[in-house]
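For reference, TrEMBL has these:
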COMPBIAS  507-517  compositional bias 'Acidic residues'
COMPBIAS  610-622  compositional bias 'Polar residues'
COMPBIAS  627-642  compositional bias 'Basic and acidic residues'
COMPBIAS  643-667  compositional bias 'Basic residues'
DOMAIN    1-343  domain 'Nucleolar protein 10-like N-terminal'
DOMAIN    348-396  domain 'Nucleolar protein 10-like second'
DOMAIN    461-487  domain 'NUC153'
REGION    507-536  region 'Disordered'
REGION    610-667  region 'Disordered'
Amino acid sequence: QWLSDRKKRALQKKDVDIRRRIELIQDFEMPTVSTKIKVSRDGQYIMAVGTYKPRVRCFDTYQLSQKFERCLDSEVVTFEILSDDYSKIVFLQCGRFVEFHSQHGHYYKTRIPKFGRDFSYHYPSCDLYFVGASSEVYRLNLEQGRFLNSLQTEASESNVCDINPVHFLFAMGTAEGKVECWDPRTRNRVGLLDCALSSVTADTEIEGLPSISALKFDGALNMAVGTSTGQVLLYDLRSSNPLIVKDHHYGLPIKSIQFQHQLDLIISADSRIIKMWNRDTGKIFTSMEPEHDINDVCLYPNSGMLMTANEAPKMNIYYIPVLGPAPKWCSFLDNLTEELEENPESTVYDDYKFVTRKDLENLGLAHLIGSSLLRAYMHGFFMDIRLYHKAKMMANPFAYEEYRREKIRQKIEETRAQRVQLKKLPKVNKELALKLIEEEGEEQQFTKKRKQKNLPSLLKDDRFKVMFENPDFQVDEQSEEFRLLNPLVSKISEKRKRKLKVLEELEAQGQEEEEEPEGKASDAESSESSDDEKGWVEEVRKQRKLLRQEEKLKRQERLKEDQQTLLKPQFFEIKEGEEFRSFKDSAKKQKLMKKTLEDRLKLEEKLGTLNVSDTTVGSKQATFKLKKSEQQRKQQEAEKRHRQERKTLRRSANHLKSRRGRGRLFH
């Protein structure tokens, strides 16, 4: 947003996506703004209206260029293509005019009594139904060339209307948030839906009464309604309750609703976003947010192409292969999308560096937040790359030298890797590496004899490379975990070595493996395994005893140090209105009072008395535990002892019963 036009153009030249962009239809744009866009029934012509001056443009898809352009007297509210091609068009204009165009151009112009907002064409009777700033629905018969009796409705004003393509039911959306359904044969109202009431759910927040801003039929029984507060309601005409209510969460009027039958999707659009969602579950399939506000959306029939009329000269064309194939006149798009790389390339600005708040604190530039030198963006800031380099040099002047040394070292190691390598142990975890090399050597010898494939080496695997390079992964042999597990690991390795030797002996003798694979009787094997278990259990016990002795020695040393230190008396002054409990409490309170709220919360989290977590809405949720008093602790300990005593009594009683039962059986 803050970049100049010249800088934007320079960046666009480098952008791979812009260089790959294809102009499907030549000069597919309007002078200033495009308001409506539609496709003819035969799919050959795309027609769009816009300003300024008010005009209509027709594009021929077979020629991929503009066919004609016609200027009009006033702005077009909406239009309808009555024929299969561009030969019959009706325009509803701002000044209450209805203009008819034929193949050669302007044909006829008439006027309706009140300002119109939308109209629909009833094919069986050749009637045009106009709705607008009136309670009446005006009917103009094109066969007779005259106005017929209008339909009198209960609404003060009507915004949109549509006619069902199967049974030709006429529906209109009112400013009061209701949908009135009329039968054109009898000219009577057959149904009324209160969509304003149904659109308000527990999750929605609306300001004012929702009016109907979009209406679309799908088949004989389904109808989608869009409200001025950003909700889309899907109805079954047999029910007064909506099947599903989808909220755009922007509070903007729904401009357009389209049905996509291949994937059972509904494409709804307001002025900011186009959302594609499943008509059964309401789950979002995808969404598009163009740079400019949207006025209308048109889905090319039986394809994955989408066209939009925007508050900008350029009319956008989107192709989504998942929705369907490319139209016949641009079938090459399918081949192009297959060839394009799946990995998107991120845009990098050469003159700006993206930094987070933590990066700014490390550089000592946190005080610049809120100034013109930092541009807030998402979870961080954009700053000038020159300022970033200067600050980095001042914060760590030797960073470049360290980076240079590291790069040189890496280059030398790469050249060394090309030479004849000797078996050299790594710097980190040498003993583990030596053990792995020995085990691999033994396994390789065995697999060569049996003609099996060698398993991949752990030392050569890139996933475990860091374990032998980074000192943080060094195995601490003095730790309690290692000392307790080491006897078991050593016993397992010894067992494995013995097994390998036995298998080698079996192969040498030529015996079958199915009879006794270890070369010993099963009783002997089980006795050996039990002896091994006893051995490592004893070793683990020894290690535990040693660990306990070491802990005792450490405690004794600490006690001696505490006894040697001389404590000097300290005097404290108690503030007015405070009670003295203990020195520890007062000292802790003073330290806590000096700390910030963030530090206090972190301390309580460590102690386990507080737990802070993010909720789905974006707010914070804190749960805390109250500290237990000494009396409560003592009570809990007494209860625990009582439970243990009762358990021991039950066990002894059960034991006595079992012994008595045995004695009776014996007698």
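A Cβ is built for glycine as well, from the same backbone N, Cα and C atoms used for every other residue.
Long-range neighbours of the domain 'NUC153' (461-487) within the same chain, counting only residues 6 or more positions beyond its ends whose Cβ lies under 8 Å from a Cβ of the stretch, are 426-429, 431-433, 536, 539-540, 543-544, 546-547. Mean pLDDT, taken over the domain 'Nucleolar protein 10-like second' (348-396), works out to 83 on the 0 to 100 scale. Using DSSP to sort the residues of the domain 'NUC153' (461-487) gives these counts of helix, strand and coil: 17 helix, 0 strand, 10 coil.
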